[in-house]
Amino acid sequence: MKVTILGAGVIGVTTAYQLAKAGHDVTVVDRQAGPALETSFANAGEVSFGYCSPWAAPGIPQKALKWLFMKHAPLILRPKVDTAMLSWLVKMLSNCTSERYAVNKSRMLRLADYSRIALAEVRAGTGIAYDQRMQGTLQLFRTEQQLDASAKDVKALAADGIPYEVLDRDGCIRVEPALSHARDKIVGGLLTPKDETGDCFKFTNALAAKAVELGVQFLYGRTIKDLQVEGGQIRGVVTDQGAIASDAVVVALGSYSPLLLKQVGISLPVYPVKGYSLTIPIVDPARSPESTVMDETYKIAITRLGDRIRVGGMAEISGYTNDLGLARRNTLEHSVMDLFPGGDVSKAAFWSGLRPMTPDGTPVIGATKIRGLFLNTGHGTLGWTMSCGSARVISDLVSGHKAEIDTADLSVARYG
């Protein structure tokens, strides 16, 4: 079968690799000059199978109001006349209940755990290296209130059989020795030891090279204009350099997916939520993290990537903008220097990317009302984490097979 994948980020490339392994004739189309040059370029670097939660959670509306007035706020909202933004916000607020949180977190953990297995198989089968470490994620709490609030996450982890460990201050320092200088600033943490870290850009490029060896064709520098549909069946893709005939098409365009799908009558509640990162060269390993630490106060991930520290986080709801705000950089610097001052921030690279967020936190994976048109998008902050499992699911569905995990609640049909 001739399959065209739209998007060469980590989702598109892992999907291409799995479909090629399944024997399909695969073409990947992207407007950039190479793979992983947009949202997958400099993300936080965490592969967090256990630290995997929807942003829509009980208490978030109240916290959001407080965050809007914080100097180092994890949330930035820039309201505008945008019906897509308003609709998305309303849908997200409707998911901020205990009942919806439990449902959404459970299915996210299901997909994330499947991705853990799939990533291990890809790594074993290809031998690719990407500054990976397998030392877990430490969710770090600065207040007793944060520690107490983690009970709902502990309950979900236990229910899904995900290993975890609740730590006191000394336990956190045992896991991350560099925190010893900041012991008075922390009260405890939640460790998910099966989590990993790695450079998503390096991984995606290395896997793209393996996909080429399997016969995948990458068409870079092409802007996708439209989808060709006849009689309810996908027929191809229209680009600025001509049409590409296809038996099946997988849309993996991240935040830009709904803009394309709207043209063929599919409503997809995915909206861009901008995140920022700093990549800092390490000058003092003793004051640098061993793995990933989530600073719960600022919602910032601090990750060790070889001889670099990647600091990523925040949520800016401002539409399709990639501008770099100095205040956001200051927040990232404040968090990392407060906990892990082992890098030279004067030489840091500052970046922003648009995360494709759904209102319930779960990605949209599966078939659509148009035969042969599939979606693999909306992974939010967890695209790197969920990529390999999502790719396996799509490969099975495109091939006409039953997926190895339950996918009934992952498709766009859940939104009505």
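Glycine is treated like the rest: Cβ placed from N, Cα and C.
Quick look at what Swiss-Prot lists:
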BINDING   3-17  FAD binding site
TODO: Restricting to the same chain and to sequence separations of six or more, state which residues have a Cβ under 8 Å from that of Val13 (FAD binding site).
DONE: Val28, Pro35, Ala36, Thr204, Leu207, Ala208, Ala211
Open item on the list: Applying a 10 Å Cβ distance cut-off over all chains shown, what neighbour count does Val3 (FAD binding site) have?
Closed with: 26
Open item on the list: I want to verify one value. Collapsing DSSP to three states, which class is Gly7 (FAD binding site)?
Closed with: coil
Task: Cβ neighbour count within 10 Å of Gly7 (FAD binding site) - done: 29
Task: Number of Cβ atoms other than its own within 10 Å, given for Ile11 (FAD binding site) - done: 33
Task: Fewest other Cβ within 10 angstroms of its own Cβ, chosen from the binding-site residues Ile5, Gly9, Thr15, Tyr17 - done: Tyr17
TODO: Using DSSP reduced to three states, classify Tyr17 (FAD binding site) as helix, strand or coil.
DONE: helix
